[in-house]
Amino acid sequence: MSLHSGKTMPEQGLETLSHRLRNTLTCDEEDSDINVNKPDFRELDLGSPVSPLRTRNGGGHAATTTSSSSSSSGSVSGRTLPGPNPNIPRKSDTNPKSHSGELSVESSPSPARNFKPGHTRSHSCGSNQLFFSGSGSVNSPSPNVIPTGNICPSGRVLKTGMASRSTKPDVLGSGCGNYGHGSIIRGGLASKPGPDSGPTNYSRGLMVGGDPGKRTVSCSSNDPEELKRMGNDNYKKGHFAEALTLYEKAIAVSPSNAAYHCNRAAALMVLKRLGEAVRECEEAIRLDPGYVRAHHRLGALLLSLGQVENARKHICFSGHQPDPVELQKLQSVEKHLNKCTDSRRVGDWKSTLREVDAAIVCGADASPQLCACRAEAFLKLHQLDDAFLALSNIPKSVPSASTHSQAKIFGMLSDAYVFFVRTQVELSRGRFDSALTAIEKAGQIDPHNVEISILLNNVRLVCRARARGNDLFKSERFTEACSAYGEGLRLDPSNSVLYCNRAACWYKLGQWEKSVDDCNQALRIQPNYIKALLRRAASNSKLERWSEAVRDYEVLRRELPDDNEVAESLFHAQIALRKSRGEEVHNMKFGGDVESVSGLEQFRAAISSSGASVVHFKASSNVQCKQISPFLDTLCSRYPSINFLKVDIDESPAIAHAENVRIVPTFKIYRNGSRVKEMVCPSQEVLESSVRHYSI
């Protein structure tokens, strides 16, 4: 697609952004913080002092764990376990601000969390890990990890490597039935409640030792971590609206968790609610200023919105390596925006359009300001329809976030620039009140900008000149009205409406040549301006420039097919054109009905008349003939310069035989008695196209 087509480009950009976000939703254990475009997966923190299952403490020292169980099966003492390899660094040692949300990615305790003395946080990096799911089941530990608590009903502690690995999951008992709290039950019985909902019905939460009411890590719908996990699952499956709802529920339970806000931002991004996504990232950073992923995600969002300087602050977050892909996009967008600014400053609008399109392609694909810049360039290149289309494609759901409302483009505040461009487009279309409203809003946003101040003053003066000219025209003071419209054009030389209004004054004053000139100016700015076409056609008719008048009236007939006044004007202009060429014109009248012909001599006389004749050969019993007959009546009113005839072949077999008609409906077009076109069972589109061609 051509970059200068005037069609919307941000829609394609948003789809690309959504696709990238979805594809990058992976669980990267080693670099979870710099992957910007995926939600955080924070593991369930089971580092509780009440848990009899404790992993080893980090570092190179051996960890000694001691526990006693309330189970009737007996108790055991802990044993010294070998520590991890000190030569293998853990991520928690190097990234204290990690907000990993991946289910298998370790997350160090955040300073915001308050742990009681004796709490131990589980780690998910390294070997010999214990992973906990929201369903109340746990995977078996590695052979060299001996958890405390009741291991089996006998209370005997199995030595490392004594027992073979069971294929069934190990489940922490809830204290019901035959097992005490903290017991590991082989076969996953605790996770499958039986048909009886009595005392042996197990809770979905993890019950570990002591009072069940106080020692439950709930994974129900009120657990924010479980809600986030479910949201992550829905996100991966592409169910973004469902994921958003779950993230919002998690935030409602725990509003101070930065990861939940960052995940909600990811879902909002793919749902194209970018303004809300920006605010969610800002909230995550407010809660945790060192949250790297939130910074990178916010940087990517701001780059997409075209806010290069603000994006740089977050993509190149101090102390962390930027994402190379986002950094390259940032540099490319910045390069093209700089060239765009230089081109706009010197009025090179073709180069401006080229550079702004390149910036959009490189990554600023959801920027309202760049859409507005395209509209401004199209307007200056007198492509008003493309300008209006570009302006209408500005995303209306991307308000500037509060902390970035001071971003600038071309020396003015970004939000003000959008209204600045809208003012110019509205003014060129003759929407003076809308233009005044838009420029006043721009002035409120950026009251000190020189360009805005100048345009605001000009719009007010143009609106005043137009209102004065209209009043003078209504009073039939046409000469003074011409002067008033001229004053408005001096301030706004690209205003097609003022040119057209002044043309009406020249027409009333009998100065048709000046009227044609002003209509030409208006149509140069706005090629499909109906009023300008009407006034130019009327002025050319007064100047007896019949060929030009017919050309304009034919365009108007296509635009206004049901306008009888235009149809009659076209008819008279065509008659005058034929007379000016020396052609004989007889028996031509405007607005005739489809004439029925029954005799052969009558038929020959009818098709020999001047101009073109369209003959419909039909049969009363034929369904297709009945269906197309009303359309022929419509064509008769649309093309009054053509003679429309109809012949029933059952009633007039002599005409059918002479014209060799065997199939109906058949249409034949004659010019001065000679057949020039024949159509058998044509569609309405084909029939009208042929009629239009021979009406010229």
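Yeah, the Cβs are placed from backbone N, Cα and C, and that goes for glycine too.
Remember, it's a predicted structure, so these values are computed and weren't measured experimentally.
According to TrEMBL, the features are:
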- 62-78: compositional bias 'Low complexity' (COMPBIAS)
- 90-100: compositional bias 'Basic and acidic residues' (COMPBIAS)
- 601-690: domain 'Thioredoxin' (DOMAIN)
- 28-128: region 'Disordered' (REGION)
- 187-231: region 'Disordered' (REGION)
- 224-257: repeat 'TPR' (REPEAT)
- 416-449: repeat 'TPR' (REPEAT)
- 496-529: repeat 'TPR' (REPEAT)
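Residue counts for the repeat 'TPR' (224-257) under DSSP, helix first, then strand, then coil, are 27 helix, 0 strand, 7 coil. Break the repeat 'TPR' (496-529) down by DSSP state and the numbers are 27 helix, 0 strand, 7 coil. DSSP states for the domain 'Thioredoxin' (601-690), grouped as helix (H, G, I), strand (E, B) and coil, give 36 helix, 26 strand, 28 coil. Along the repeat 'TPR' (224-257), the predicted structure has mean pLDDT 94.
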